[in-house]
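J.: Here it is, the structure in full.
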Amino acid sequence: MASEQRDHNGGRDEDEKKDDKRRQSTCTIDQDEKQDSSSTKDTLTNGSEGSSSRPLSSSTLNEKIWTQPKDDKSSEFDLTLKLEEPADLDLAFKLEKSSDSDSSLIQSTVKVEESSELQSQDSTETLSEEALDAQLKDLIIKHEFDQNFPTELLSRARAFTQGTNGARSEAEISAGHEAIKSFREFDELVRNSSPYMEVRSVVDVTDDPSVPVGTFRVFVLGTFFTALGSGISQFFSLRLPSIEISTFVIQLLAMPLGIAMARWIPKDKHVGFRGWTVNLNPGEFTQKEHLLVAMMGNTLTSPYIVSIVQVLKLDLFYGEKVLSSSILWQVLTLVSSQLLGYGCAGLTRRFLIYPPAMIWPRVLPAIALSKALRRDREPSAWGIMTISRNRFFMVAFAAMFVWFWIPNFLFRALSLFNWTTWFSPGSTTLALITGSTCGLGLFNPLPSLDWNIVTSMGDPIVTPLFTLLNFATGMLLSGLLAIPLYFGNFMNGSFLPINSNKIYDNTANIYDVKRILTPDLNLNEEAYFNYAIPYMSTTVLIQMVAHFVVYVAVPLHIFLYFRRDIAAGIRSAWNRKSREDEFDDIHNRLMSAYPEVPHWWYGVVLLISFVIACIAVSAFPTGMPIWGLLVAVGFTLLLQIPIGMLAAISNVEVSTSILAFLIAGFTLEGNVIGNMIFKMYSFLATSQSLNFVGDLKMAHYCKIPPRWAFAAQLYASMLGGFISLGVNHWSLSNIKGICQEGQAERFVCPFTHKFFVNTVLWGAIGPRRLFGSDGPYRATLYFLPLGIVLPLMVYWGARRWPSSWLRHVNTPIFIAGAVAWAPLNISYMQGTVVLALFFNRYVKARYNAWWQKYAYVLTASFSAATGVAALFLFFAFQRWNININWIGNSIAGQGVDQGGFKSANGTVLKCSNMHLQPGESFASGF
């Protein structure tokens, strides 16, 4: 691992210097924000110094560019892009309207050096047909499955390589040379910035390694916001509605506090303790410090152990007093579960962080927000608006802050805008089809005017358009399939709501799980067979099938499309190949200035977590065997790479919750506590691991030293976990009537109730009784072959017709659309798709420079504003049950859709197609 180490001054050993001489010189891009008033366009210069590849050092920080010797020849080309059409190669540099050309044209001049891949041929040199054909075929293989690579460029290359079997005409040969030139230009873009516009629009390609990162300010602000955010999020997670402090809110609050500390604490004030010296104020509060605080705040996810303690401790649920009263067991379980995900995260860096294709779109808004909060001096974008990012953020934030109060307080009907049901509020059919609460939400052209609702299933700007279209299509088709199944009374579904995530019995009431449990929390089989099977709504059945299918489709899809990348990563790891030798893009080159965290550090964290977990499950009455723990850890290690690659590319993370329950249910049948613990060490560890990986990618983008990122994440995850555990204990002991229906302050614990039902369903009853050969839902497993057939069909079609729409089909995301149902519906998806088409199709194509400068700032400002406004709304009005009583706040709840319509006899009309009379029931299911 020595080849991976760097010191903070950029020094390296002799072996590394020899390696550098064998590599082509690298280049950075001058992004100085100052403009020459006499210049009519932005010129971005790349250069090399000598023949050694090196990151920026402190001696070149003032220039922030590597100068190129006069005798070093580099190709220079101009690209003229039409603003009316999407560019084949959008270099995403600062584009400015040219004063000496037509207003429909924008120009960008780029100087680049030849890449190592194509350097043997000058850009103006004529290649032989054989060499031209070979190079184009190699580049097609390299980029054919990259859904973010320009399709038109691949089509041109294929047209040359597949166009004729005889002699090519001069025009065809010329077209081949043009394709090679375009590939070369794109390859230079890959090396010197990023091939993805989304990354280029917010991530800088310069760095100053001397900028302080792990400062006293970071420790103070990170500790404060981690503790505050964890406490508030945990406390209000038991309440309906719940509130939490998002990462955007933390960024918003941390910025002025960091600036104040930089201004008020004496500069270069040092304090010491036993030989240790800390500089309290090294100068300006930097962007790296700001984002490191945000990374610490992003660990605020509630640890899984608190949910286990809730269902074990309360008499309302299991009323178990041994584990729920053992502080030592809870601490051991907390530490091991938190460390497990983090240890796994670091081992996947070669696959999920270093490759440029692993974009991780969800981290980009945080970077954009951090830049927007710092007053920028960048040139104005041409078109629509010409203000700085900082001012744009302020305007957008204020606008959304004001608007938030309209659908969430003044006119709440606009939030879930179920206006289609107002025409006949007593119609169950209308509510089931178009309703926004109990229905499918179909055929409603304007389902919501609430940003929280619109972004609940994906940010329309951050999430790639192909992702949302695949996801929405899968959700829509599965919703249409639910209609005939429901009204055909499949599995007695017509007696239940069509889109509910609750479990019912054969009287259409909520399933009473306590009727089938013994005092020691095991299944009472006699009571179970005298009661009924757990009935699920129609969309939950479809959701269950989709879960099973997607678990097969994801690994197969990743194998088909990314097997070369995974194999290369495995070979590099086996050969102990350094990151710098494997990845030559600008961000990896700049990050080589910092010492990397060795893999063995993460391995030690993983080993420690496993040892502590073994102690926790074996020294206490958990019923969890050590081999079960090994299976759970193997579950995480096996699935995090395919699921992580899908999330990094598409911004969709496939939940492994059902798969974890399924494995635990078969291996630990009847063991309720063991099932909960298995899920904690499998599903939650996978989810936490990918959350940590996303933060590590943000550190990679922002040139935060890896070892500081390692320390900050580890510290924040432990601190936040202990705060959450303490707040949970206080809440369960001091809030009267907690988790009971009708609790005075609304601490009804909605997620705890759902968690409890799942533990009984999968732990006590078990999947064998539900999905086994004699189970009522065994037919759901018959669809497993679809997880093989669909990816293979799409892959074959994309290879057979490479320029068709099949290239943009992502099978796992398409299937995952069917998982999104219950309790969400199309009402939550439709607005996302409309906004995505507007911003990522229309605006991105027609006003590209505007999109690059403002798009991520817009979504970050909206999200931050809704978070702050929600806090104000809660503490100013909701906390005191203050409401405005008028028709705009009551009309949505007067119909069947939200349970407000009463029949002639005064009873509430349930949202179901068929109804039972008191005392009636349908088949028990046995």
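Numbering starts at 1 and runs along the chain as it is shown here.
Every residue, even glycine, has its Cβ placed from backbone N, Cα and C.
TrEMBL: automatically predicted annotations, no manual curation.
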J.: Give the range, chosen from 218-236, 351-369, that TrEMBL lists as transmembrane segment.
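T.: So the range that TrEMBL calls transmembrane segment is 218-236.
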J.: How about the transmembrane segment (392-410) with the transmembrane segment (218-236) - do they touch, taking at least 3 C-beta pairs under 8 Å (6 or more apart in sequence) as contact?
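T.: Not in contact, no.
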J.: Which of 218-236, 327-348, 540-562, 626-646, 854-877 shares the most C-beta pairs under 8 angstroms with the transmembrane segment (708-727)?
T.: 218-236
J.: Between the transmembrane segment (218-236) and the transmembrane segment (248-265), are there three or more CB pairs that fall under 8 A, provided the residues in each pair are separated by 6 or more in sequence?
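T.: Yes, the transmembrane segment (248-265) contacts the transmembrane segment (218-236).
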J.: So, does the transmembrane segment (327-348) come close enough to the transmembrane segment (626-646) to give 3+ Cβ pairs below 8 Å, pairs being at least 6 apart in sequence?
T.: yes
J.: Apart from its near flanks, which chain residues at least 6 from the ends of the transmembrane segment (422-444) lie with a Cβ under 8 angstroms of it?
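T.: Distal contacts: 416, 479-480, 482-483, 486, 497-500, 539, 825-828, 830, 891, 894-901, 909-913.
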J.: Go through the chain and flag residues at least 6 beyond the ends of the transmembrane segment (779-798) whose CB is under 8 A from any CB in it; none is fine as an answer.
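T.: Sequence-remote neighbours of the transmembrane segment (779-798) are 145, 541, 544-545, 548-553, 556-557, 560-561, 771, 804, 806-807, 809, 811-812, 814-815.
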